[in-house]
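Undergrad: Here it is: the structure, laid out below.
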Amino acid sequence: MDAMAVTMTIIAYLLGSISSAVLICRVLRLPDPRGVGSNNPGATNVLRIGGKGAAAAVLLCDMLKGTIPVWSGYYLGIEPVLLGVIAIAACLGHMYPLFFHFQGGKGVATALGAIAPIGLDLTGMIMATWLLVAILFRYSSLAALVTVLLAPMYTWMIKPQYTLPVGMLCCLIVLRHHQNIRRLFTGEEPKIGEKKLQMPKSQ
């Protein structure tokens, strides 16, 4: 790995470590998403506690955390496999943020943002898959899992040279969802839009 790729990997992790959900909730004077609802600082949980506007802002910011470093690396001529490493670094920053006590989200939106530079057709297929599963079953986590399982196949169909890095990224997302998988099997996973909240954790 050359110096440019190492630098972009570090930048990607640090950018990913900026928790959009926590900062936006602070600005809007909403509860800390790490202590209410699903305790996950992501767009779905912010939707539960703050509504569509706040959730959309979180979604956009989380996607940009993946898009900016990967797109920058692409234009700097970094090879596809190393772009995958940069994407993983951005997602790891989102999942284990340096600036927020390593309490982060699941990385789905950041991963989508990282994949977006590959092409709008691939991005559209991924988003359509997520929306279809989410509408049919009302589980954000299930939609994410189905989408990441299909994403490498979509990538192979469109730009096969990026299949390996996308597959690496998707494996990380699946591992991060291990608790959601357990709750889906036990029937305890909250559905999209549910308003039932837990009391904030004591600081």
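Glycine residues also receive a Cβ, built from the backbone N, Cα and C atoms like all the rest.
Quick caveat, the model's predicted, so the values are computed rather than measured.
The annotation transmembrane segment is assigned in Swiss-Prot to 4-24, 80-100, 117-137, 139-159 on the grounds of sequence analysis.
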Undergrad: Need a quick answer: max count of Cβ pairs under 8 Å to the transmembrane segment (80-100), which of 4-24, 117-137, 139-159 is it?
TA: 4-24
Undergrad: Give residue numbers and ranges for long-range contacts of the transmembrane segment (4-24): same chain, 6 or more residues beyond its ends, CB-CB under 8 A.
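TA: Distal contacts: 30, 32-34, 41-43, 45-46, 50, 54, 57-58, 61-62, 65-66, 68-70, 72-73, 76, 78, 82, 85-87, 89-100, 104-105, 110.
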